[in-house]
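Annotations per TrEMBL:
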type    : residues                               : note
DOMAIN  : B:39-150                               : domain 'TRNA-binding'
DOMAIN  : B:404-479                              : domain 'B5'
BINDING : B:ASP457, B:ASP463, B:GLU466, B:GLU467 : Mg(2+) binding site
DOMAIN  : B:713-806                              : domain 'FDX-ACB'
Amino acid sequence: MSLEAQIETLRGDLSAAIAAAENEAALDGVRVAALGKKGSVSALLATLGAMAPEDRKSAGPAINGLKTDIAGLIEARGAELRAAALDARLRAETVDITLPLKPGPTARGRIHPISQTIDEITAIFSDMGFSIAEGPDIETDYFNFTALNFPEGHPAREMHDTFFMKPGPDGVKKVLRTHTSPVQMRVMQKTNEKPAAAYLTPAMDPPIRVVMPGRTYRNDSDQTHTPMFHQVEGLVIDKSSHIGQLRWVLEEFLKAFFEVPSVTLRFRPSFFPFTEPSMEVDVQCDRSGSEVKIGEGNDWLEILGCGMVHPNVIRNAGLDPDVYQGFAWGIGIDRIAMLKYGMPDLRAFFDADQRWIEHYGFRPLDLPTLFGGLSS
Amino acid sequence: MKFTLDWLKEHLETSATPEEIGKALTMIGLEVEGIESQGKALEKFVVAHVVEAKPHPNSDHLNICKVDAGTGTLIDVVCGAPNCRTGMKSVFAAPGTYIPGKDFELKAGVVIRGAPSNGMLCSAAELELSNDHDGIIELPEDAPIGERYVDYAGINGVVFDISITPNRGDATGVYGVARDLAAFGLGTLKTTDFSPVPSHGPSPIPPLPQNFAAGESKAIRKFAGRYIANVKNGPSPDWLQARLRAVGLRPINAVVDITNLVSLGWGRPLHAYDADKVEGQMVLRNARGEDFDALDNKVYRLDETMTVIADDKGPLCLGGIMGGIRSGVTDETVNVFMECASWDADLIAQAGRKTGIVSDARYRLERHVDPALTEPGMELATRLVLELCGGTPMEPAISGEDVFPNTIVDFPLAEVRRLTGLDVSATEIEQILGRLGFAVEGAGETRQVKVPSWRPDVTQKADLVEEVMRMVGVDNVPVEPLPRLDHVAPRILTTIQNRRRIARRALAARGLDEVVTWSFISHDDATRFGGGTADRQLANAIASDMTDMRPSLLPGLLAGARRNANRGFADIALFEVGQIFLSDLPEGQHTYASGIRTGTAGLDGAGRHWSGKAKTVGVWDAKADLAAALDALGVDIEKVQVLPEAAAWSHPGRGGRVALGPKVILGWFGELHPALAAELDIEGPVAAFEIDLDALPEPRRKPTRTKPAIALSPFQPVSRDFAFVMDKAVPAATLLKAARGADKALIKDVGIFDVFEGAHVGEGKKSVAIEVILQPRDKTLTDEEIEKVSAAIVAAVTKTTGGELRK
């Protein structure tokens, strides 16, 4: 058989073997059988040495051409096999990505509406230059009533269905605070004593601008009253603040809180022992539908009480009411939360019903800020 | 307080509409709670003529009537009233009318014993106009057929319901309301004739002696009594009955109705005695622990702080609060003794609170009744009795003295501007105060303002500012921005407020739901969790499971979990950040952040899932929650003490305490003690933790906010593993501390990657495997250096733990 015929036969056989290789191992077998030390192509190459120079001139390129071609075919087949193998692996590894995840912890945990509302209130008032002050829940009769100009035995005391504490070791008459107003006195009253606990706000010098959120208690229970509820008190004391500015603060706060472009307020003269003049404030709203809409409509909803701090209260704090003046207000936190977010029943706030919290609660990272918007 | 438009117009000359009056009342501080049209409920009832009434063939008491109700056709009506007869005029209700006294709506097409009945003839009781249900209403012959009964009977009035603040005793009568409205400019106040009524001889009841020892509490000031002989009592006239009914009072008899008329009309409570039922001498004295049969048909035990009007047999009346049954005036009363007295408001309030009696008299007297009305009120009452019942008035019997505060306030007119921002001229201020009855004297900036006797609540400048402001209208106060302070607030929240905020968000981010539970819990729960002392108990709890201030948040959380479980949700993760009470003092109030997980409600969520079933919760969940919250608050749990000293509520072997030294306890974690879980009826397991946010150290004030420079080593860290066998009881923390301390410069971190017990490590022993990371700083470590550190680690650990390197 001529060399040409030999080369072509080999090329044919090897090409067929390469194409038939089912995997990389088989392909490697073909490579060794062809191009290995004892391979068929290598054997053919080895014949070049014994050839006459003129024969070698034509046979060399022919045999080397075969070698290059076979190597190329092996390479190409190898690439093909690797691609097929990767493809098979990817197919095998395929999953049903529509399977549902388990909700992560931030998708499950919720912040209670009261905490959220307090954070919202804090965001608004901090922007107005107010800081946050606090006092104790178990309050002395003095701070809750007497210092706030509730005379002993006055019918005004009966407006508060007070919880009284059993006598303690110090014999001081104590109550569960019926409002957050005693914190006013604690903030204003200058003493030399360091507060007994870290949460108690130290007394301040005027100008004072504080808001005082907290738990309050009254012996009362129905759909809109619970024996425990939350109030936020506000206090401004300086040498010039008056009712005109009180109106501004409340309007700005309510606009910001309800996230509406405008609110209309109605101020009615009223009575609180610790303010004079005293007022109750109604907000204009629309109660015709199932939800109360603030900032529109023709109904009035009582929303807060306020007034100029009573001169007797300023005096009880050790300040001169002819020099210092200011205003205070109190709002029910639960109440404005219900209005804004539409919870119908106050009692459910304190029931720890997981379904309620998950419905009315807020996501852990829904931090109310003015820069990001109070509620998202 | 309720009053009708007609009643108001008796004291106020005005052409204002009910809407205008309502608006004005609210704007001057007499808040309107409602304006009702009194006849609204009865507007469908009409005057009708019974054209024919003949006995029902199938009944011995029913009549079949032909009724003309002005509709143009005669209506068939079956009526059972005994007074039903041909030709009478009565009140008719057509089908579809709601009958208030029966609480049902009349149906059409009714057949009664075979006779059709298309409507109903009504009794006064069915219209809720009186208790008279003996027969249908009889109207005069000239009553116009078809006219609305409310229009015909004049019960179509407007009823105002206003809320009176406790400082406004002067507005507890219609007269006082009219006075305020007149001052506001809504009309002219009409005067009342208080002039003395001539007497006909000495009073059979002499002036009441006021028998009080020196220093004794004494509620009475002036007592004015009037004996009126030979009255003819009985039902009061229709106008008076209608007026009382319109405001929700039940007419009794003319004399009693007069006392109510004066009380509600002028805010001047009275009391009438049947003089013939008085035995012996009437005196004023304090009670002596007697039982008193009051007019509300209840018996009250009276004590020595309460002033009574008594005769020889005992109390006749609890002064200023309520009369007694024994001397009550009835239809048969012939001789009346009418009382009009002034009282100490605080003592009336005190007696009212002690007895719990709520009466119109107490309501007014504890809010101060004008002391200038004591004798005039008696004269007014006498005049009304003579008008309605006749009789002979005897000389007034008067003892004691009224007390007039006669307050004069120095009033700088600029106070109005200072406190409200309103510009009101001096003239206008004078006029407003004048209209309200204040006498303004003097000239110049500061005036002397004399307060009228009916406004004892006005004692200082600010009170006068309010008077001016409420008449000008708060809505007229110009709105002015509050000037900003001249600096950026350095800090809005205190440390503890910030901690609460952070703890809340950190715990919610771990999948726990925030709850807010009651500050008060049951005494048993309080005791179980370390509270229950008397100083933390309410004297007047609202419910038996809300008696004690909570010493821990866990009882509230556990109760919440139980309620959720009862609703079918057993896997619950809850937390609360709130106050707990270690005593009744301000420093006894701490803020805790506490949480619980039940069932399988771990960090990854509860229940079954294709990716794997959730494990039941345990001590590690509790420790992880606590650690995460502490971490958010800047405390690394690995750098504080974690001690195997479980809280009382915890499983003793699966709970611990986190502390900074012996005195500062940061918190507790663990599994709920199985015995406690059983006691609380909670199905386990429960993982719980508590953090005392107040106990965390106050962050140190650093001299600079700049953080220290970071030294990043160019050399790779080296890891070495060791396994030690030691007593089971040796805490892992001891081992870690020893290993970390072996070479503080080189050892970067020590972690535990395996813990096991078993026969092959020995009884009571455990094997703990650690991985130590060495971080070279200035050159690669040589084998000798690594060997040296390893030897130091083994030496330190074996020495501290008493264990040995596992071969």
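Think of each number as a place in line: the chain as shown, counted from 1.
Even glycines carry a Cβ here, placed using N, Cα and C.
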With every protein chain in view, how many other Cβ atoms are within 10 Å of the Cβ of B:ASP463 (Mg(2+) binding site)?
21
Within the domain 'FDX-ACB' (B:713-806) only, compute the mean pLDDT.
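PLDDT averaged over the stretch: 92.
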Around the Cβ of B:GLU467 (Mg(2+) binding site), how many other Cβ atoms lie within 10 Å? Please give the count over every shown protein chain.
25
For B:ASP457, B:GLU466, listed as binding-site residues, tell me which one has the smallest number of other Cβ atoms within 10 Å.
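So among B:ASP457, B:GLU466, the binding-site residues given, the one with the fewest Cβ atoms within 10 Å is B:ASP457.
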Under DSSP, the domain 'B5' (B:404-479) has how many residues in helix, strand and coil?
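Helix, strand and coil residues of the domain 'B5' (B:404-479) number 32 helix, 13 strand, 31 coil.
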Helix, strand, coil: count each for the residues of the domain 'FDX-ACB' (B:713-806), based on DSSP.
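Summed by class, the stretch gives 32 helix, 32 strand, 30 coil.
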Per DSSP, what is the helix/strand/coil residue tally across the domain 'TRNA-binding' (B:39-150)?
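Helix (H, G, I), strand (E, B), coil: 6 helix, 43 strand, 63 coil.
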